[in-house]
């Protein structure tokens, strides 16, 4: 944390000290002798802190670039609005996902998922209202000409190709089919639209596309002389899922814990500095020179460069998204998760008297230097936890391990990386605001899809998404899936929230008269509005900073201006504290 020595101007008009260790004193000052013991000890502390913090701080700065590559709140799309494809009478449906539960010879079997077409009637939303219908194979398979056998209300299974989707549907409807399932030629789902020139369509049977693996499975079952029956329905997502409530609590709670840890550390540092500056007593000179944990302070330039580099990294993720690249991200996430988890556990255990002595005892480790015995005891547990998550990350319960590692990493980053003043915070969050809007919405114009959403979902990688996300399974959603939030949507606003609490504690402000309570409330309200927008958009991913940043910056700026602290918040970021050094009487 930067600090300044403020002495009476008539004594030392040019005295200042910063973390760089630079000290400016009039060499002829008659008072230098009185300050020398405390200043030398203080400079020794500063030098030690700068030397010891370099590796961990660089690790977290690089880690933040990785973490912010995913900045998104998402619930998973079930309704796909596509304005690029024109709508016409009879051809104006939304592209909705469709459940296709099947029965073979009366026994329940697999449930497949398809996508509805732009044309045709809408499907039932509840399974109990969907009719159980027998499945039949088309002959010829592409259903571009009248089937050889007459249908009596069956669902017909056809192959894609040779003619348009609307032609297949009209032929199937004329033959007596009650619905048509079209097998795609890949595992993806294709949006079925009307052909050019088809202005008015009169299609009265549902049309659903299935991926090739689902279609082949049904085709083989029917060819084995088994009786296959199925239902077609498209359930609606609930207005609010409990997962979103828990995810909101996780995000707010993470920032809350990180803020109090950061503020407590800043206050301890300030108290220690005050003690060192009071006098040069022998008792203080004998104090151990072990330094406090170093921090990285963001500057205006680094805030701008941070978002530029994060954008480049996001494009790299988008272009190189594959199974092996996800594996690399998993390894990097595990390394950061281990460091974050052990940092949090050591800090937590050190609060207890039984572990305090172990935490203050050190052993020399090759390449790492002095490491506490408590860290050595905790580290294997953290490594095992990360390895277990990496091995079993495809299992349904793996989200628990991912969230524990992620929260630990976020808290540690918010403890290490700091915003020194409001000016840097405004620049950082403003850049993040534009970053989120561009890569979620504007990127569609260049890449024909939302780059941020594609990266967050891990498309083309065979995985359920990148690991730099907090996620909770949607408990009451018939479509299942996860509600997710990117690390960047917690870390960037969290930097300003932790700054507000540090300022309050150093200024000895009460909760209501300070800035933390209102900034924290602004973050919670902004995130809440994000989830409201998420549900209004049928689960389509939302850039959380679009809603959070105006609330946080607006709240902190307006309150600072009203209370007369805006200049201090904007420039130094710290309240003016009187120098604890005993004022020296001017000698004639």
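Using the three backbone atoms N, Cα and C, a Cβ is placed for every residue, glycine included.
Range annotated as transmembrane segment by TrEMBL, chosen from 220-239, 540-559: 540-559.
Residue counts for the domain 'PA' (140-217) under DSSP (helix as H, G, I; strand as E, B; rest coil) come to 16 helix, 14 strand, 48 coil. Mean per-residue pLDDT, taken over the domain 'PA' (140-217), amounts to 86. Stretch with the largest number of CB pairs closer than 8 A to the transmembrane segment (367-391), among 295-318, 324-355, 397-417, 424-442, 515-534: 324-355.
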